[in-house]
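Working notes for the structure below.
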Amino acid sequence: MAFFERLLVAAAAQTKPSQIIPCSFPPRTAQIHHLHSRSKEKTEEEEEEVVEVFEGESIGNRSYWRKKIHSLCAVHGDVDEALRLLDRLRLRGYRPDSLNLASVVHALCAAGRSEEAHRRLLLSAAAGWLPDDRTANVLLARLLDAGTPILTLQVVRCLTDAKPAFVPSLTNYNRLIDQLSSQSQPVEARSLLLDMRSKGRLPNAVSYTALINGFARTGELDHARQLFDEMLEAGIPPNSLTHSVLIKAVLRKRSVDEGREMMVELWRKMQDEREPSVNGAAFANLIDALCREGFFHEVFRIAEEMPQGDSVDQLFAYGQMMDSLCRAGKYHGASRIVYIMRKRGFVPGVASYNHIVHGLSKERGCMRAYQLFKEGTEFGYSPSESTYKVLVEGLCREKDVNKAQDVAEFMLQRDAVDRTRIYNIFLSALRLADNPSEQLNVLISMLQKQCQPDVVTLNTVIHGFCKIGKVDEAKRILDDMLNGNFCEPDVVTFTTIIRGLMDVGRPEESLDVLLNTMPAHKCAPSVVTYNVVLRGLTKLQKVDEAMRLFYDMIGKGFATDSTTYTVVVEGLCSVGRLAEAKRIWDDVIWPSQIHDHYVYGAILRGLCCSGKLDQACDFLYELVDCGVAPGIVNYNIVIDCACRMGLKKEAYQIVGEMRKNGLRPDAVTWRILGKLHQEEGKECIISNQNSELNRIVDLPEEFHDGKIERDGDMLEGITDSSFSGELIEAEVSEDDRVEKNAGSIGDAVNLGQKEPLSRIARRIFGLL
């Protein structure tokens, strides 16, 4: 029984008989007459309701329509039809009740339309169709499952405003407080707690723990302490989970010493806690907080000492440490926990162990992962398929094919495993080692072990040979497939062969495969196949053949994509056929509405490489005017062209247009502009140095007077008043072995006129 209900029962029990107000009843004849008249009125109302019929059933038959709506929502899952039926019934005078509303809300939430469920419940409350208290609590619990606490809070406030006597259950309050706190909205959760107390629903330890956790997440330690003290004043004893949540707030403030003291108190609290689940939650929350804040040494210390004792199951504790360390990306640290467990006779869980091996393989720790794999096989560990994939890929990336083959052999020995798929994963990983001969050996091994390769297997081997330029070996495998020794080739097989032939400069054979071999074997080329051929032809400067193939595609109505247009435009621009590229853009690409940033970039790059910056800017601005939003890469192409041409003003104008269109300069943009300013700075320094040297070389014409005016115009901008005549005199006299007491700069220069004038100029310029 809820607390509020217990209060009502207690109040009723304490009521004295003298406090009961007597009631006067009407005479029995009048009462009978009154009941007869009400029965007559009810019969007339039922007759009026029966008159209205919909779909062969009376509108007044509420039981039938409840079952009908519930069947549509719960059995058939057609909530939209149920809503349409409700609308039609309402037009005929039907008034929905709590059961109808509950059926609709449950169905909307089950269909993933929780936002609509919130909205319809709000509308029904505004229209006066309010569910009873029990139904309202059930619906709130259903809405809370969606994890949208702000919307649910609106529903709670709407229901409590429409029904002041309605008080949500303590569980719903606690769940809502927890969700608000988890989404870093502890202020809203705090106001909900106060509202909860004002309505007579007293909070418990769960309420305060959830709220303290919210302030701990936002780093508001003072508010968390205040709530903890308030909890004690209210006579609600905090449990071990409450203490761990408060420790998390302390760790967030980097108060390590205080956190250690509170952890000691937490271990004592755990010994007194009766609920093992609370201790488990407290320990998990503490370890997670330590890992999130980077105190991994504390985690290792706890793993070594286990100060919680028997209050937490040790296997659970080790598993939580491994899980938290893995989520923090510390897979090597998690493997250290594994070694501590094994040393103490514990066997790690398969899921945790697999997570560590998987993470190490992805984080370039495949050697450590392989070591764990070998050790894990001793206690029955077998990696999952995804872990096997990343492990062999990591080993092949490190060129350690033998270890990868060892893992593959282990996987092949498992029962109920798709051996062909295991081989395919291993073959795909061998591509990272650039070792197609090893792929061929694996293929031979498959045949020897009576494992028939599929088309994926053969495509992988063919791709490996084509990647290193051994197209003839790849064609031999294709010939075996065409002759029936293996499975039939597919479009991927032919596309791979065509690309390999193009890469080694054999376009005639590529076209023969496309135009003759593929039709002979009833294999239709895909758009990727055509794109490969077009790109290969344009790279080999065979633009005319590429354009004939492109126009043939267009003429046959073959579907093209943005990659096709990008390749064609790049090929035309590479040979200077900009006019034809522009015509294809106007007649083909733009009407097709199949264009993206790559197509725009190809056109802009072609115009910029031809020095046509104005046309590139016009094209860019026309795209914007037509409602197209060019990407940052497109703007950078034009900005780079302006900077290369030394047009600083135009470059910054393009940057301004980019900002107007909602784009911000990225690192590439600033690097381009930075190079522009560096070039300007170098030119400025060189010009200044040249002018200064020329002015210094002209100095000897004025030196015949035997003096130099420090404040005159002769050395203005070159000399520095901070240099004294004695320093210059000492430098010059030392170089020319003149006495240290030479009179002035003029004397030093006159004494040094026996040297070449350029040497004097260089020395003075070096000094100044």
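For all residues, glycine too, the Cβ spot is worked out from N, Cα and C.
Marked as repeat 'PPR' by TrEMBL: 61-96, 169-203, 204-238, 314-348, 384-418, 454-488, 490-525, 526-560, 596-630, 631-665.
For the repeat 'PPR' (631-665), same-chain residues at least 6 beyond its ends with a Cβ under 8 Å from one of its own Cβ atoms are 597, 600-601, 604-605, 608, 611, 613, 616-617, 620-621, 624, 672-673, 675-676, 679-680.
The list of residues near the repeat 'PPR' (169-203) in space but at least 6 beyond its ends in sequence, with Cβ under 8 angstroms from a Cβ of it, reads 2-4, 7, 137, 140-141, 144, 147, 149-150, 152-153, 156, 160, 210-211, 213-215, 217-218, 220, 223, 234, 236. Sequence-distant contacts of the repeat 'PPR' (314-348) (same chain, at least 6 residues past either end, Cβ-Cβ under 8 Å): 280, 283-284, 287-288, 290-292, 296, 299-300, 302-304, 306, 308, 355-356, 359-360, 363, 365, 368, 372, 375, 379.
Within its own chain, the repeat 'PPR' (526-560) has Cβ neighbours under 8 Å at 491, 494-495, 498-499, 501-503, 505, 507, 510-511, 514, 518, 567-568, 570-572, 574-575, 577, 580, 588, 592, 594, counting only residues six or more beyond its boundaries. Averaged across the repeat 'PPR' (631-665), the predicted model reaches a pLDDT of 90. For the repeat 'PPR' (61-96), the DSSP-based tally of helix, strand and coil residues reads 27 helix, 0 strand, 9 coil.
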